[in-house]
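As recorded in Swiss-Prot, the features of this protein are as follows:
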| type | residues | note |
| --- | --- | --- |
| SIGNAL | 1-27 | signal peptide |
| TOPO_DOM | 28-194 | topological domain 'Extracellular' |
| CARBOHYD | ASN29 | N-linked glycosylation site |
| CARBOHYD | ASN40 | N-linked glycosylation site |
| DOMAIN | 105-176 | domain 'PA' |
| CARBOHYD | ASN112 | N-linked glycosylation site |
| CARBOHYD | ASN135 | N-linked glycosylation site |
| CARBOHYD | ASN172 | N-linked glycosylation site |
| CARBOHYD | ASN189 | N-linked glycosylation site |
| TRANSMEM | 195-217 | transmembrane segment |
| TOPO_DOM | 218-419 | topological domain 'Cytoplasmic' |
| ZN_FING | 264-305 | zinc finger |
| MOD_RES | SER341 | phosphoserine |
Amino acid sequence: MSCAGRAGPARLAALALLTCSLWPARADNASQEYYTALINVTVQEPGRGAPLTFRIDRGRYGLDSPKAEVRGQVLAPLPLHGVADHLGCDPQTRFFVPPNIKQWIALLQRGNCTFKEKISRAAFHNAVAVVIYNNKSKEEPVTMTHPGTGDIIAVMITELRGKDILSYLEKNISVQMTIAVGTRMPPKNFSRGSLVFVSISFIVLMIISSAWLIFYFIQKIRYTNARDRNQRRLGDAAKKAISKLTTRTVKKGDKETDPDFDHCAVCIESYKQNDVVRILPCKHVFHKSCVDPWLSEHCTCPMCKLNILKALGIVPNLPCTDNVAFDMERLTRTQAVNRRSALGDLAGDNSLGLEPLRTSGISPLPQDGELTPRTGEINIAVTKEWFIIASFGLLSALTLCYMIIRATASLNANEVEWF
């Protein structure tokens with residue numbers, strides 16, 4: 001597995017954290033208690049006997065508004081330069097107040113300026129209250145912030161109800177409104193401090209995950225370096241062991257030239273006169289040019305898989321890096337027997353001149369306890385550790401994301417808006 005591949009879960013965790021950090025963009029607003037507003041609207045249409053009455057239960061008092069009951073006729077701003085003015089943000093905003101009206105309530109739409117500006121302009125024209133309807137149809141009323149607006153009452157309602165009332169005003173139909181204090185809604189328990197606590201917890205979890213990840217890479221580098229170092233030392237030992245093996249030149253009449261004699265197991269060619277052959281401790285014969293490269297890499301006989309390092313007594317317990325499947329346990333049990341029988345056969349063969357074994361000058365190699373695990377074992381262990389580390393980090397990111405989204409959903413009901 002490449003480093004880029006391993007970094008995939010880390011990038012995914014970072015992306016999950018970034019997404020969660022962008023989600024509660026407005027979660028910095030203080031969680032405040034608020035009061036609901038119960039609004040009764042009475043519409044007196046000309047030519048209709050009984051007035052039309054409906055109730056709005058989803059109103060909300062502004063944070064800085066007096067929580068009091070008020071009643072009055074609803075008025076909308078006059079058009080400016082022939083264009084309807086529903087926002088009340090222009091300094092030239094005016095209201096037409098009939099002389100017989102003592103108390104009136106301004107109806108304005110949210111947007112384009114702060115709540116404080118809207119409320120202040122209505123108060124300047126002696127409105128007793130301001131009803132601001134939302135500018136998004138699917139959004140609930142929010143708690144408005146408008147410090148310094150005095151004793152004027154400010155309430156927000158939904159866009160749907162606001163436009164219903166505005167439609168009557170545009171037809172010059174009289175609309176009366178009564179605003180009463182509803183229920184006090186306490187602040188939610190999940191506050192900004194809780195978000196900070198969750199964030200700190202996530203950071204701690206990520207630090208632990210990162211520490212494990214760094215430990216993994218250090219161990220991986222150590223395993224790789226140790227394996228490469230042992231392979232180099234094993235190769236050097238194999239070369240020195242090869243130099244201890246007997247070689248001779250095939251002559252006319254030797255048994256190797258007999259048609260019934262086994263061919264070289266490496267190149268599958270028969271032996272010819274003047275061929276240089278190598279005799280292994282197991283008594284198998286091969287072309288020197290064929291078997292030397294094999295022994296340098298595998299240090300075992302191509303036919304019986306005898307470990308020449310063990311057979312020659314150079315490194316008794318060093319396993320070779322032979323990728324061909326064979327029974328290592330069986331070979332270890334019968335190692336001593338094979339070595340004695342092989343050396344005895346070689347010594348009794350008059351056609352072979354076996355040199356005495358010399359082990360001096362060969363650098364000691366690590367024993368079994370010092371060797372690293374096999375490649376398969378390392379890969380299994382590393383894959384398992386990496387899966388745990390990656391899963392831990394990703395789970396931490398997703399857990400934080402879930403908690404922040406839940407916290408944001410709780411805070412949405414208590415959001416404080418300025419405009």
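Each residue's number is its place along the chain shown, starting with 1.
Placement of Cβ uses the backbone N, Cα and C atoms for every residue, glycine included.
Structure with Swiss-Prot features highlighted.
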residue : record                      : Cβ contacts under 8 Å, 6 or more apart
ASN40   : N-linked glycosylation site : THR53, PHE54, ARG55, ILE56, MET177, THR178, ALA180
ASN112  : N-linked glycosylation site : LEU87, CYS89
ASN135  : N-linked glycosylation site : GLN109, ARG110, GLY111, GLU159
ASN172  : N-linked glycosylation site : none
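Taken together, the residues of the zinc finger (264-305) have an average pLDDT of 87. In the three-state DSSP scheme, ASN40 (N-linked glycosylation site) falls into the strand class.
For the domain 'PA' (105-176), residue counts in helix, strand and coil come to 22 helix, 20 strand, 30 coil, using DSSP. Mapped onto DSSP helix, strand and coil, the zinc finger (264-305) counts 11 helix, 8 strand, 23 coil.
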